[in-house]
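Undergrad: Pasting a structure here, questions to come.
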Amino acid sequence: MSKDSTSLGVRTIVIACLVLLGCCIVEAVPTTPSSQPSTPASTQSAKTVDQTLLPTETPDPLRLAVRESGILAEDGDFYTCPPPTGSTVVRIEPPRSCPKFDLGRNFTEGIAVIFKENIAPYKFRANVYYKDIVVTKVWKGYSHTSLSDRYNDRVPVSVEEIFTLIDSKGKCSSKAEYLRDNIMHHAYHDDEDEVELDLVPSKFATPGARAWQTTNDTTSYVGWMPWRHYTSTSVNCIVEEVEARSVYPYDSFALSTGDIVYTSPFYGLRSAAQLEHNSYAQERFRQVEGYQPRDLDSKLQAGEPVTKNFITTPHVTVSWNWTEKKIEACTLTKWKEVDELVRDEFRGSYRFTIRSISSTFISNTTQFKLEDAPLTDCVSKEAKDAIDSIYRKQYESTHVFSGDVEFYLARGGFLIAFRPMISNELARLYLNELVRSNRTYDLKNLLNPNANHNTNRTRRSLLSIPEPTPTQESLHREQILHRLHKRAVEAANSTNSSNVTAKQLELIKTTSSIEFAMLQFAYDHIQSHVNEMLSRIATAWCTLQNKERTLWNEMVKVNPSAIVSATLDERVAARVLGDVIAITHCVKIEGNVYLQNSMRSSDSNTCYSRPPVTFTITKNANSRGTIEGQLGEENEVYTERKLIEPCAINQKRYFKFGKEYVYYENYTYVRKVPPTEIEVISTYVELNLTLLEDREFLPLEVYTRAELEDTGLLDYSEIQRRNQLHALRFYDIDSVVNVDNTAVIMQGIATFFKGLGKVGEAVGTLVLGAAGAVVSTVSGIASFINNPFGGLAIGLLVIAGLVAAFFAYRYVMQLRSNPMKALYPITTRSLKNKAKASYGQNDDDDTSDFDEAKLEEAREMIKYMSMVSALEKQEKKAMKKNKGVGLIASNVSKLALRRRGPKYTRLREDDPMESEKMV
């Protein structure tokens, strides 16, 4: 009884202390009202609640008080997990095999030359020989002449005349023979007998052509007898050196004169040249070996003989230098020289990447045979020369060639001449490997096995593979196989020869733009970068997963529930059962969760390691549905309170409660702590990816503007220039073609003085210089007069001079008839008016009474007035000239006049006539 009483007393004391403690807490911390708490924001679990979790006993008032004094979780999701029973077991997946990252494809570096379709025509120089015939018919009337008809035609010059006159003497015949309407016609220049005329250069020529002719004049004869028709003929022999063009398939060519010759420029009498196209009869064509033409300017023969072709058309004769077709014509032309090219094989095709022009070309892995395209003999030589030049400049000291030049036809019609090469270090490694393995393979075939797919494989050395000893049966079998092989080879050769003759060679057509190649380069660049990045990420990810799998496998033994929950991304309770894990799914708590303020248990030396809670599984549960448990990690609620520890001094704990943290000190609740007050440390590894580098697209022209303009068969601008200058070049037009007769005369005088020796030449130079100055002055005046503005100015000056001469003549005549009136018109008019007023209109007959003395004085006055006027003019001229001679002369004249003394008396101030009248 003593023990029972003692235990009962202790229990009573503990309960009393708890009640007192609860009362204190209630006073310190405001309790949450018993109203309906806030509902968590998370979704509700669809699982049913285990009935074993619900309590069966009725809670006592002490527990209700403790629950009411707790802290209600206002936000956050809470879960409760039943213990795993083994009904559901799982296992961790074994390690996976990770993909290996491909570091690259089969790359080959080298030098390349890219060819394109040659759209430019084949150009060459040609000579055109013809005679321009002009027949004019003029009607002569009594007082006029009119042109009634004019006939113009071009006729070819015979090849014999070209041989004997034009290219032999630099002359041409004035006679023309031509066939019209099956009748042979003859024409003679100036209607005279046949003569040989010199070919002189034309004054007017286009930049791309030269011309010579025998005359600049067109004859037009008019007789003396009127009322008749007169006919005259002009024959002008013309030789033109022009540009000729021909395009593929070179079955004709055009001249810059506008004429088209329907024969191939490569047609000839040799075996291969006879197969070329020719639309004319054989007698119209002629080929001369070792021909030496004459330069009509210098009158000298050509230095080297050539093979000359002559063809006669109905209007002209054309000649040109014959050359072999394979040497001159080529259907491909060089576009780009690439000093750095990378070739890689991808999905059965080659990709040629050129970073310098940001382009990628795609072709088959089989080489292109140049024999399959027409006229491609120039490609091999140009490609080899260009590649060798680049190699000598940049790679001779660092790289070696690993194969011959290979040709590949890329998409878009580009032919790539590629020659692979490797560095010197890599070549040494290959050679050391060959020496180590005692092999005799060709280094080029070893480094570039796809260089020649048709060549036989090289046999190994006798030291490496011993040959078996032949037997009789094997010899017989070898002979039979040899015969069968020989027949098969002969049949194949015959088939190939027939196929070659029957197969039509196909011309390579090139696109006018390489935008597709630039887009291919951009796509390949992006694809390579992205694929490499993704491959590395996939490999690294798989490796990391395998390593983490080992960590998961070990950590599941420590905390299986946390590991399995993180793996399944779902709240579960787990327990290790040997090599498997038993799990049960956690249930979301829909009810309220209350956190108690104290973590102390009934034992004074034992405390809870995690806060105790009370909760309800469902909403609106009564007091019977309240469960006592303990707060676990990550808002998990245990249905039991088994997590205890010895009570410690200065204990501090933070626990996650909902979305916030609660702080306990000395196992007593202090306050809530928001997550923002707690610093976060991240366990995530940042993924650092490299961004794509920038690529700029450069505009490239496959064909320049000049090439596109030069693609036509005819140069129409040249034709128009030629046609417009044709009349100016060969006809006598006074307004355009002027013969400089002065130059002819001066040239004759110079020739005369040159014949007199050096002294005569010197004298001639002086004479010609002076004469040239005079002629230039006269010609300048004449040209000024010929100018309309000059003529108008001269006419106005002549009219002004005539008007001035008329007024001067009138003034002189007035001086002679009445000098006083001319000199003093105002004084004379006033005297006349005064006299009329004094004597009236009828007193004019009183003019006989004159004073002789006054008349004499008047004469003296006039004399001295003239002398004064002369002196004033002399002084004025002296002042203008600023010279002292005139001033001295005028002063001397004044002194002389003063010394003469007065020879006249002073006039009277009164008029005696008036005094008489007054009387």
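Cβ from N, Cα, C; glycine included.
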Undergrad: In Swiss-Prot, Cys586 is paired in a disulfide bond with which of Cys17, Cys23, Cys24, Cys81?
TA: Cys81
Undergrad: In Swiss-Prot, which of 117-123, 138-144, 348-354 is labelled region 'Involved in fusion and/or binding to host membrane'?
TA: 138-144
Undergrad: Just to confirm what the record says: which one of Asn321, Asn891 has N-linked glycosylation site annotated in Swiss-Prot?
TA: Asn321
Undergrad: Among Cys98, Cys172, Cys237, Cys330, find the residue that Swiss-Prot gives as the disulfide bond partner of Cys542.
TA: Cys98
Undergrad: Using DSSP and three states only, what is Cys586 (disulfide bond)?
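TA: Reduced to three states, the DSSP call for Cys586 (disulfide bond) is coil.
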Undergrad: Counting Cβ neighbours within 10 Å across all chains shown, tell me which of the disulfide-bonded residues Cys237, Cys607 comes out on top.
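TA: Counting every other Cβ within 10 Å of each candidate, the maximum falls on Cys237.
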Undergrad: Would you mind checking how many other C-beta atoms are within 10 angstroms of the C-beta on Cys81 (disulfide bond)?
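TA: For Cys81 (disulfide bond), the 10 Å Cβ neighbour count is 21.
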Undergrad: Tell me the residue counts in helix, strand and coil for the motif 'Golgi targeting' (864-867), as DSSP assigns them.
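TA: For that range the per-state counts are 4 helix, 0 strand, 0 coil.
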Undergrad: Do me a favour and check the Cα-Cα span between Cys586 (disulfide bond) and Cys607 (disulfide bond); whole Å is fine.
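TA: Taking the Cα atoms only, Cys586 (disulfide bond) lies 27 Å from Cys607 (disulfide bond).
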Undergrad: Counting other Cβ atoms within 10 Å, pick out the least crowded of the disulfide-bonded residues Cys172, Cys330.
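TA: Among the disulfide-bonded residues Cys172, Cys330, the lowest count of other Cβ atoms within 10 Å belongs to Cys330.
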Undergrad: Could you tell me the C-alpha distance between Cys378 (disulfide bond) and Cys81 (disulfide bond) in angstrom, no decimals?
TA: 87
